[in-house]
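Visitor: Here's the feature list from Swiss-Prot:
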DISULFID  Cys86-Cys518  disulfide bond
DISULFID  Cys494-Cys501  disulfide bond
DISULFID  Cys604-Cys687  disulfide bond
DISULFID  Cys625-Cys683  disulfide bond
DISULFID  Cys629-Cys681  disulfide bond
DISULFID  Cys638-Cys664  disulfide bond
CARBOHYD  Asn228  N-linked glycosylation site
CARBOHYD  Asn326  N-linked glycosylation site
CARBOHYD  Asn347  N-linked glycosylation site
CARBOHYD  Asn415  N-linked glycosylation site
CARBOHYD  Asn486  N-linked glycosylation site
CARBOHYD  Asn527  N-linked glycosylation site
CARBOHYD  Asn546  N-linked glycosylation site
TOPO_DOM  1-38  topological domain 'Cytoplasmic'
TOPO_DOM  60-767  topological domain 'Extracellular'
TOPO_DOM  789-795  topological domain 'Cytoplasmic'
TRANSMEM  39-59  transmembrane segment
TRANSMEM  768-788  transmembrane segment
Amino acid sequence: MGKNSLKRALELDVVDFAEHTSAHGIPRAYVSTGWRRYMWLLCFLFCLSCFGHQAYLIVERFNRNDIIVGVEIKFEEIKFPAVTICNMNPYKNSAARELGAIRNAIEAFELAIDKSDGNAHSKRKKRSANSKMVPIDLLCKEEHGMFTAHDYGHVECTCVTFEDMSKVGDTDDDEIFWNCHQRKDWTHKICHLAEGSNQLKTCKCFEDTCVSDEVTKQLVWPLQLSKNGTKLCISPESSGPRYCASAQKFQVSTCSNCDWLGKCEESDDMDLEEEIDSKTCICHHGNCFQIKGNVKKRKRRTPERKVHERLLSRYEGLLAVYSHCNCTKQHGCVSTSVPDMDLENSNKTCLCFYNKKNEQIWPCYKEPEWEERKCSRCNTMGDCVYSDKPKKQTISCLCATPIKMCVRIDPPQTNDTSLDDRVVKFWDIQPSTTMSPIVKKKEERDKAYGYTGVKDRIALRAKAMENMIFAVDALTEEEKWKISYNKSDFIMKCSFNGRECNVKHDFVEYLDPTYGACFTYGQKLGNNTNERSGPAYGLRLEVFVNVTEYLPTTEAAGVRLTVHATDEQPFPDTLGFSAPTGFVSSFGIKLKSMVRLPAPYGDCVREGKTEDFIYTQKAYNTEGCQRSCIQKHLSKTCGCGDPRFPPYRESKNCPVDDPYKRECIKNEMHVATRDSKKLGCSCKQPCNQDVYSVSYSASRWPAIAGDLSGCPLGMAAHHCLNYKREQGSMIEVYFEQLNYESLLESEAYGWSNLLSDFGGQLGLWMGVSVITIGEVACFFFEVFISLISSNRTKRRPARKSFSSSLRCSTDYNLNKDGFNLDN
């Protein structure tokens with residue numbers, strides 16, 4: 001087949017497609033002539049360009065991968081979530097102080113508080129030359145039957161002092177107290193009747209010595225006072241019998257069961273501050289008459305002392321101290337505040353005798369030459385008698401074995417209490433420029449604690465809580481549980497669905513770095529469901545927080561609570577709620593079940609846990625992922641991790657007393673929070689997640705006195721009420737409604753939408769249907785056949801065209817009849 005034949009064949013293919021296609025415009029352009037053909041061609045090209053633009057918009061929308069969030073309220077059976085509760089106080093104060101690392105952290109915090117208080121300016125009141133003597137209540141220590149005022153005494157006593165010294169807040173070093181006796185040995189009496197008035201002057205007496213407390217009292221209505229010589233008479237205002245006795249024989253006491261005339265029954269309890277509901281009366285031989293108000297007692301505030309001051313104040317004269325020493329074979333050890341140039345000898349620490357009276361430090365010996373023993377007796381100066389049979393003695397003492405001289409020290413609180421914690425460091429009293437190993441260690445530890453330059457109490461307490469976390473992290477698992485609360489002490493009562501639950505078996509305990517022992521309800525129970533909504537059918541707990549065991553670093557009393565899925569790790573420090581003591585804290589919860597689409601529509605992950613996820617036993621969530629990423633970064637950058645998170649793989653967390661690693665942790669945490677992209681973290685949302693929204697409300701608890709459960713035996717009902725409000729809390733966690741909100745993501749524009757819109761645009765602008773697409777396919781197939789046939793010698797059979805043959809026959813007949821269509 002030649003070129004002309006190929007050309008003719010292709011022309012026939014095009015003509016055949018143009019004549020028979022169902023698409024709009026193409027047949028019209030072919031059969032038309034002149035300007036009509038150009039008009040139809042222009043119209044076809046315009047429609048083709050419009051279709052191309054619409055097709056581009058359709059494809060662009062399809063590639064955006066838009067999603068639709070369907071919201072539906074479903075009424076189905078709901079699983080009750082896991083509820084984790086923790087005490088706001090992480091560890092018991094008494095147990096925590098027995099461990100060295102925690103004790104050091106607490107004492108450093110207390111010392112920082114002492115220093116911050118020392119910077120507060122206070123004006124000292126001038127003392128009057130003619131001050132009056134008044135009684136004052138304070139603490140005393142007993143020595144051979146004599147009582148002496150002492151800030152850290154253990155005997156409650158009453159002393160005599162000057163009036164301006166007894167003001168609250170005056171804690172001068174030159175305060176004078178004398179005539180001190182046990183408080184129970186003093187009596188409260190009537191001194192005299194105020195001149196020209198119906199008022200009484202009271203005083204305190206020990207044997208024959210009485211001191212006016214400058215308190216004026218008045219009898220209640222309708223009682224009236226009168227004086228009959230040396231006697232004091234009491235009678236109603238109306239005419240009635242008078243009761244008269246010597247004024248000195250009336251005593252101020254507590255009373256009860258008072259009638260409307262003011263006559264009462266004397267109470268056996270002589271402490272005027274213990275009984276809240278008792279009255280105050282003046283009594284004589286069982287005849288009591290009520291007076292207004294309660295007797296106010298003067299009390300001296302115990303001053304806060306620095307740690308080394310507390311040790312120094314225990315003994316009057318002699319005690320053992322650590323000091324910098326210059327030790328030689330010829331002269332032995334000599335205490336020095338300025339080190340000798342021979343650093344090998346002067347940069348050592350030894351133990352010395354320190355005389356508080358003349359501030360002399362001598363003699364001194366190396367620490368191995370001292371021995372902790374038991375002595376038979378010690379005097380008030382602090383020196384003790386050396387005993388050859390220490391096992392039979394009871395007083396703890398520290399002895400210099402070369403000279404057999406001993407001083408009294410505190411006994412060890414636990415087996416791991418070191419001598420370093422019970423002996424004063426002389427550089428705490430008079431800082432030195434030397435840098436002995438002990439001093440260096442102490443300075444590094446103080447630097448790591450981060451209290452330097454911080455004066456605000458809130459900032460100090462926040463730093464102290466962080467130091468506690470670091471200190472506790474160094475303990476073993478057994479030691480952590482030893483100082484933590486247990487389930488039976490913390491959770492007093494529990495009910496779920498209106499039925500009592502088993503505290504021992506239904507709660508799972510774990511150690512949280514911030515809140516210590518926490519207890520989770522719901523993990524063991526699996527499919528735990530509610531029968532009804534409302535507080536009565538949810539989880540109800542009565543907890544006992546034990547405020548008396550709170551650490552000084554704890555700011556608030558109460559419970560920390562978080563609601564989460566049963567397979568997730570709870571994070572009470574960031575995702576929790578606080579419930580105070582003395583209230584019923586109600587937490588109404590609602591469930592949102594979320595189903596997200598993965599890529600390319602969304603950015604969720606079906607299984608996000610990797611080998612770097614530090615909460616290995618829990619399900620994946622974004623909070624755990626972020627903490628894992630930060631912990632990984634800290635472990636690789638600083639060589640250790642943050643103890644607020646579990647360790648990363650085989651690495652360990654940073655120690656509390658290393659200032660350089662603590663500083664590294666601090667700096668890298670700032671980097672992690674400000675620019676997390678540098679860490680390479682990719683924490684995506686899980687594709688399936690249950691989210692619990694919580695609403696909070698509270699009311700006073702208990703409402704009235706009456707329930708004595710949980711209170712010490714023998715406690716009165718009104719005291720039990722106050723006891724529970726101070727030490728306990730009621731927690732309620734419940735579903736507000738037994739339905740949940742389902743949020744389901746679905747693709748907004750899929751393949752079906754693409755094909756539908758694409759076909760619609762083709763039909764609108766081009767009149768194209770599926771048949772037209774088939775015609776185009778057939779056209780290209782015919783062209784392909786024509787090209788193949790051109791290489792063969794066999795001639796391709798001619799195709800018949802209805803419209804072409806009709807037009808040719810019409811032209812022939814018209815020419816035959818004499819018509820010329822072209823003219």
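Note: Cβ is positioned from N, Cα and C throughout, glycine not excepted.
Show me how these features fit into the structure around them.
Guide: For Cys86 (disulfide bond), the same-chain residues 6+ apart in sequence whose C-beta sits under 8 angstroms from its C-beta are Asp512, Tyr515, Gly516, Ala517, Cys518, Phe519, Val559, Arg560, Leu561, Pro572, Gly576.
The 10 Å shell around the Cβ of Cys501 (disulfide bond) contains 19 further Cβ atoms across the protein chains shown.
All chains included, 19 other C-beta atoms sit within 10 angstroms of the C-beta of Cys604 (disulfide bond).
For Cys683 (disulfide bond), applying a Cβ distance below 8 Å and a minimum sequence separation of six or more within one chain yields Gly608, Thr622, Cys625, Gln626, Cys629.
Annotation note: Cys681 (disulfide bond) sits in a coil segment as assigned by DSSP. In this view, Cys681 (disulfide bond) is surrounded by 15 other Cβ atoms within 10 Å of its Cβ, with every protein chain counted.
In the three-state DSSP classification, Cys638 (disulfide bond) falls within a helix. A 10 Å cutoff on Cβ-Cβ distances gives Cys638 (disulfide bond) a total of 21 other Cβ atoms nearby, all chains included.
When secondary structure is read from DSSP and collapsed to three states, Asn326 (N-linked glycosylation site) falls in the strand class.
In the three-state DSSP scheme, Asn486 (N-linked glycosylation site) is classed as coil. Long-range Cβ contacts of Asn486 (N-linked glycosylation site) within its own chain (separation 6+, distance under 8 Å): Glu509, Ala517.
Residue density at Asn527 (N-linked glycosylation site): 8 other Cβ atoms are found within 10 A of its Cβ, drawing on all protein chains shown.
Non-local contacts of Asn546 (N-linked glycosylation site) by the CB criterion (under 8 A, 6+ apart in sequence, same chain) comprise Asn87, Asn89, Lys92, Tyr485, Asp489, Gln727.
Averaged across the topological domain 'Cytoplasmic' (789-795), pLDDT in this predicted model comes to 56.
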Visitor: What does the structure give for the C-alpha distance between Cys664 (disulfide bond) and Cys681 (disulfide bond)? Integer Å is fine.
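Guide: Cys681 (disulfide bond) has its Cα 20 Å from the Cα of Cys664 (disulfide bond).
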Visitor: Across all the protein chains here, work out how many other Cβ atoms are within 10 Å of the Cβ of Cys625 (disulfide bond).
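Guide: A count of 24.
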Visitor: Taking Cα atoms as reference points, rank the disulfide-bonded residues Cys604, Cys638, Cys687 by distance from Cys681 (disulfide bond) and give the first.
Guide: Cys604
Visitor: Select one residue from Asn326, Cys494, Cys518, Cys629, Cys687: among these recorded positions, choose the one with the most other Cβ atoms within 10 Å of its Cβ.
Guide: Cys518
Visitor: What does DSSP call Cys501 (disulfide bond) in the simple three-state scheme?
Guide: coil
Visitor: Within the topological domain 'Cytoplasmic' (1-38), count helix residues (DSSP H, G, I), strand residues (E, B) and coil residues, in that order.
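Guide: Taking the topological domain 'Cytoplasmic' (1-38) as a whole: 28 helix, 0 strand, 10 coil.
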Visitor: At the Cα level, what's the spacing in Å between Cys494 (disulfide bond) and Cys687 (disulfide bond), rounded?
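Guide: Checking the Cα atoms of Cys494 (disulfide bond) and Cys687 (disulfide bond) gives a distance of 35 Å.
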Visitor: Name the one residue among Asn326, Cys501, Asn527, Cys638 whose Cα is closest in three-dimensional space to that of Cys687 (disulfide bond); these are the recorded positions.
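Guide: Answer for the nearest of the recorded positions: Asn527.
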Visitor: Nearest to Cys604 (disulfide bond) by Cα, among Asn326, Cys501, Asn527, Cys638 (recorded positions)?
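Guide: Of the recorded positions Asn326, Cys501, Asn527, Cys638, Asn527 has its Cα closest to that of Cys604 (disulfide bond).
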